[in-house]
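What follows is one structure encoded as structure tokens, with my remarks underneath.
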Amino acid sequence: MSHASSSSSLVSLDSSVFFSDTPVSCVREPLDFLLVNVGGHCFVLSQELLASHPETRLGKLASCSRDSVMELCDDADLLRNEFFFDRSSQAFQYVMNFYQTGHLHVSEELCEISFLQEIQYWGIDEVRISTCCRERYYRRKEHKEALDLRPDLEDDDDDEDFVGAACPAIRRRLWDLLEKPESSRAARTFGSLSMFFVVVSVINMVLISLDFGEEFGVSPPMLLEAMEYVCVVWFTAELALRFLCVRNKCRFSRSIPNVIDLMAILPFYVTLAVENLHGGSTELENMGRVVQVLRLLRSLRMLKLGRHSTGLKSLGMTIAQCYEEVGVLLLFLGVGISIFAAAVFALEYDLPATTFTSVPAAWWWATTSMTTVGYGDVRPDTAVGKVLAFLCILSGILILALPIAIINDRFSACYFTLKVKEAAVRHGEMLKRLNRGSIGETGSVGGGANLRDNYARSVLEMLRLQGRERASTRSSGGEELWW
């Protein structure tokens, strides 16, 4: 038992660095050490070592009076100098290592949000994380926080929303039909019809815009007008049914997908009202332009595909999360465009047949050059101007390539997250149907077997997507790039 009086500042009860269940009686001078019981595992730390970190919870515990001990721990045995904490013993191993070495490391197996909560509880700031782990920790933490779906991007309405409402069973079934294509065959058919009407309405809008009088010598077919009315009636009925089913109508009205659905049909009704009120009058000369603009707004119906497309949802989430990177990209482009535009205008403006007639014209040339579009309507003629154009194009390529890796990683992560979420929803639906006894309700053995097969497929799909996500993150960034 002489090892208790050694010069080591950290003692383990069974010569282990982290924890042991050996009785405390093996320590000769218990008052010089604190026995910390974290989650059922015992750790021994010297008061001298803890006193070197007075800002931490254990540092305060080592120097506080007995009256204030219970403010810092969950329970204490002052006779044995033992203090109990109902916290994670796995995370505390890294806290122990911090006291021993002065370096705070993070393991890949730990959830970064949970690890942050643990070290904050022990009074250790996350800036103390060692440089070897700091970059990946902050990257993973930022990524996890960015993937937290906001309420206005989610269409999740819990089962409890219809409890106590009028006709809860009917509203629940209708809501599943409208919002959960994976819930039944009828819901999948409804979702397919919804996508079909979106595509038909966009094609119909394009055909209506054609000038049949000049090109074909006929007026627009009545079939196109009728199809427009049919599509709008479908979209209106779909939105109205969703509005009637949902219980929290304020949240429903603020949801981005529902606002898009409203904006997709609103121009039609506004255009119809304007044409009926001012169709035969000549009082408002610009009314035709207003109507034309409102008709063009019908192209917003393409955004309705985002309700049924995981890729479009991922794109929207990526844009929302990468606004800082996009802002930096626009800033770099703006600086480059201003510099190259001013330089080429100074070189080219005094030439006889120059196309750089003004600084805005030079801005236009720099914009098309840096974005590698190159219309050719404005171009330099001198040798120095062409060299400057080459530098402008090269700078544009480099600037545009800078945020591509970040945006690509965000898009891949968002896409896989949504795919896993959809698989989890399907898995939950199958599990609910099994728990409700849907096998007996089918009335046949085959129906139950099919339900079990669907449930098994949902489980395999979740496992496959999670394995694919882990493989993609490893291949994109190696072992150091972990999300």
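The backbone N, Cα and C atoms fix where each Cβ goes, glycine too.
What TrEMBL annotates here:
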| type | residues | note |
| --- | --- | --- |
| DOMAIN | 32-139 | domain 'BTB' |
| TRANSMEM | 190-210 | transmembrane segment |
| TRANSMEM | 222-245 | transmembrane segment |
| TRANSMEM | 326-347 | transmembrane segment |
| TRANSMEM | 387-407 | transmembrane segment |
What mean pLDDT does the predicted model reach across the domain 'BTB' (32-139)?
87
How many helix, strand and coil residues does the domain 'BTB' (32-139) contain under DSSP?
54 helix, 21 strand, 33 coil
What same-chain residues lie close to the transmembrane segment (222-245): Cβ under 8 Å, and 6 or more beyond its ends?
171, 174-175, 178-179, 193-194, 197, 200-201, 204-205, 207-208, 252, 258, 261-262, 264-265, 268-269, 301, 304
